[in-house]
Amino acid sequence: MNKKGKFAALLLISLTMVLSGCKVTTKNEAAEAPANTSNTANTQQTETADDGSLVDIELLGMSSGEADLNIIRDQLTKNGFNVKLNIQADYGSFKSQQDAGNFDIALSSWTTVTGNPDYAVRSLFKTGGDYSILADSEIDKLIDTASTQTPEQYVDTYKQFEQQLVFDKAYIVPLYNSLKAQALNQDVLKQESVRLSKSRSLVWEDIDFKDESKRATDSLVLQSTMPTLTSLDPIKGNDGSINMINTNMYVRLLNLTDDDKLTADGSLSYNFAIDGSNSEYYFVLRDDINFAQIKDKKAVDTRQRVGAEDVIFSLNRAKDKNSVPDHRTFTLHEHIKTVEAVTDLAALESAKLASGETVKTALEAGLENKITGLTADKTKADHKSGNYQVIKLTTTEPFPQVLNYLAHQSAGIVSKKQVESINTYDVAKFDVNKDIPYGDQNTVTEGAQYNNTLFASGPYILSYKNDYEAIFYKNPGYLKGTDHEPKIENIKIRFIKDADSALAALRSGEIHVYYGVTETKFDVVKGDSKLSLQTMPSNGVSYLLFNTKNRPVAESADLRKAVLYSINQDEILAYYNGNKIKAVSTVSPLVQTGLELKSDPAKAKEFLAAYKAAK
Amino acid sequence: MKPIITDQQRQFRLKSAPEYSQASFAWIVSIALSLLLLLGGYRSETGDFSPVLLTLSGAYLVFALLQLAVWARIRLDLIRDGSIRGGTRVLGYGLMLSLLSGNVFIATAAFQLVRAKKNAAYTLAVYTLLTTLLVFAVSALNLYKPYVANSFLTGMALLLVAAVIQLGALLFLAKVADRSVLPRSTAIIAVILILTALTGNVFALLLGLLLIARLRDGGGSAGSKTGQVIDRLSRSSTSMLGLLFILFLFALSVTSYWTFDYSLAIENNYSAILQPPSLAYPLGTDNFGRDLFSRIVFGARISLIVGLLSTIIPVVIGGLLGALSGYYGRHTDNIIMRALDILYAIPGILLAIAIIAAFGASTVNLVIALSVGAIPTYARTMRANVMLVSTLEYVQAARAIGSSDWVILTKHVVPNSLAPMIVKSSLTIGTAVISTSSLSYLGLGVEPHIPEWGNILKLGSAYLETHAYTAIYPGIAIIALVLAFNFLGDGLRDAMDPKLD
């Protein structure tokens, strides 16, 4: 035993010598000397324990936003919050949790599809807006003021708006502005023919095969995630399942360029003009677009022209909440007062632009033949003889941004004759089980209910679809002989729900264009020689929305500001490898207000302490 | 003069020595690992090899070749003499050095080789020491991190003390374990060994209990039943390695409370996103800059706990129900088994998904969800065993002397029906681990930021092409643990086979 004792003592001594010889920095030591470590985040965490209590906060989101949720959770945790995650699998369950008020902060996102700032704020933040849970008269006033202003004037108004919304009252916490990303197979498609626009959906009629001889024989294959289409009536849907389809099935009075400028190019009008009061808008219509319909699953020309009566009918039903059951887009068009066809040439000459020029000369700019006569009968219009159709639209108040809404898919022109002959039901007594409205997705789904009654004014028409794919054909009567005549005869949309599978389909050549490549997959696309990646800043903004009812965050601005200053956009950008852009509010992609949210742990701590003191 | 032996004799001689099969297993696995390391070290972008992995691969190859040479000598000895010569056994001491390169396959074979006479105590002592050394080595990797946990030094010192004690115990046992009566001082060693089991080293606990059992046995020639099982189990290198891996992970999970810093596994570090493996981040970092190594170590905790709990719960509940219905039969049997048949008709994983969808995702719900679905299979196994055992003579004898049903069940029937349950459960723990990871992978398990192997794999799978290591390492961890449980289950089945009694 004695021998063993000596042995143990020797071991113990050598052990202590070895251990004292090592120089190891423990976590606490690292925290005490923050200069030595690049990881400042860890130092904050140990400091926040001012009175030891963490503030509970419930974060609601969808599993698709798991990465963002994790970053926010991490940043809030480091700044003295105890984050409870509420992750829902899909938008439906997310929305029901949100409606039930089961959250403190909800990870939300918004894409301004019309490309104008009013749309980016009105339905989100104005009292009583479609998606708004706010009620603040000052915010309302700023939104209304900005809507009547020109782009030069509204920059300052939106700056005040952002100051109020984000910094003074902290109703939202902006996170980032996303990139739009689209990958295409450049071995099959002409790369320059595939456009990526800031707001507008993919322009199908421009896309062309590298080998032009394949136009008539091969299909262009695109991808979509949702096989259930909300409705093929443009005013009855505004979501990802139909935006691209309805944009390409119905022509509009105006289009947006790739960088969100208004243009008549590729639209139903030759030209447009705004009168000096900013509340009267004129459009001179083309006469070379016919409606297409489907017969025996193939597209045929109906020989019915798209004209002023269809425009008047379409816009009047677009603004009227009661024109169809389940109208989803009337709020976009609530500023339209009247739409009429101008038949008196003198009216065009008397109306003046802000510059003093007459509306007539403005509309004639670039026209082959000057306007010599106006007609209300669409069959009589003929640009070769100078006989045109002109539409006059008036707004309820001066509102220049109305033109952006006219370029949105919900302002697509439908056939008056066809829609009236299908929608014969009484809107007030609409019965889902009996009445079949125009554009019902069941009428184009293969099976017993198939009865395609669509009349398409756009470049393509949907023939039929199933759960696997949707088949489109070129409209034979669309801008024939012009640059905008559709190039490819036949387009397929393949429904692939999973993002990884869709990318795999693109790489294997099964689909030709894949819209919505995630940032983490950019490297994969760039590494594949047959693929080309297109990216541009989008109008999509992600932000955190605070609950405004029955929660501490609803009452305490201090608590909201503590969250606001805990969020570090630089770290989010680092996570996305720089493939995101900083944002201050949902108008950031559209208006440069010069404001920026800077993370400030000291301020966050201060506000949190103030909140605790008030409690 | 060359003795002439038949082919059959030769085969018999080779099979009679476990060292021979252990040696062949060791060199084959080592060569395979060496090639794997070489392959893993290849960097396609530069066309050269990572120096660390290349060195490691070289070390593995060297020891594999040495082991091959030893294997050849063992073979020669066996064919010629029918036994391994002392000179060959001494070579085992040299091969023990392979432990320095982390090669447990050769090391365990070497520890077995140096001893001509083996027994359960010696084998357990070897594995006890190996486990502590492995845990120590893995924890020591944290030294390369910018900082370590506050209790790191205390934890490492404790591990070192435990290793020293266990080494002492190993040397002591190597000397005395073969004696039929152990010296009195063994009791002290046994108690100290059980104390070192506080580091999570279950081998130490088993060894301590075994020694105490042998002391109390007072040199009875038969030896305890546990001793026999361990004896038989230790002859199979695959099942011992399986057990080693499981208990190593368990010990690591326990010591990680002191030696690992949880914040490295859970806090995002935006300046270290998707770093390839390096000394500071031995397995690289994930897309949030968290250390994958720490995450996998902490993930083992959840995987093991959920895997064990979701096996133990159905074993207990199913076993009880099965025993009752098997022993009482008739109506009891009918009611219990038909009710369980209803449960049996629902696919386990669907039931789990339904339970989690209804009650929300949390670790407790996960355990419940995975447990409920497994109850019927255990009940059926237990019922069959109990029905068989109930007809045996000793049970009838117990009845004849008027023992109560409860006594018969708990004292005679259940203990003798347990072996198949143990084997079955060790085989299904692997399935439970996979189910846990699958559910987390589907987003139905624990919260996404909590390090759990399925979660880690899910994040990594998005980077399979660009940063493959983020998916490969958690994948390997899951595979290894499931494989380990399967190996152990196989070994247990053989060791507990009543036909061997």
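Each residue, glycine too, has its Cβ placed from N, Cα and C.
Annotated features, as they stand in TrEMBL:
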DOMAIN    B:300-489  domain 'ABC transmembrane type-1'
TRANSMEM  B:20-40  transmembrane segment
TRANSMEM  B:52-72  transmembrane segment
TRANSMEM  B:93-114  transmembrane segment
TRANSMEM  B:120-144  transmembrane segment
TRANSMEM  B:156-174  transmembrane segment
TRANSMEM  B:186-212  transmembrane segment
TRANSMEM  B:240-260  transmembrane segment
TRANSMEM  B:296-321  transmembrane segment
TRANSMEM  B:342-375  transmembrane segment
TRANSMEM  B:471-489  transmembrane segment
In contact by Cβ distance (the transmembrane segment (B:186-212), the transmembrane segment (B:20-40); 3 or more pairs under 8 Å): no
Positions on the same chain near the transmembrane segment (B:120-144), where near means CB under 8 A and six or more residues out: 99, 102, 104, 107-108, 111-112, 152, 155-156, 159-160, 162-163, 166-167, 169-170, 173-174, 177, 193, 196, 199-201, 203-204, 206-207, 210-211, 214, 227-228, 230-231, 234, 240, 243-244, 247-248, 251-252, 255-256, 259-261, 279-280, 282, 293, 297
For the transmembrane segment (B:342-375), distant same-chain residues with Cβ under 8 A (at least six beyond the ends): 302, 305-306, 309-311, 313-314, 317-318, 321, 428, 432, 435-436, 438-439, 442-447
Same-chain residue ranges lying at least 6 outside the transmembrane segment (B:52-72) that approach it to Cβ under 8 Å: 20, 23-24, 26-27, 30-31, 33-35, 37-38, 40-41, 88, 91-92, 94-95, 97-98, 101-103, 106, 109, 113, 279
Residues from the same chain, set at least six apart from the ends of the transmembrane segment (B:156-174), whose C-beta lies under 8 A from its own: 115, 121-122, 125-126, 128-129, 132-133, 135-136, 139-140, 186, 189, 192-193, 196, 199, 201, 204, 207, 255, 258-259
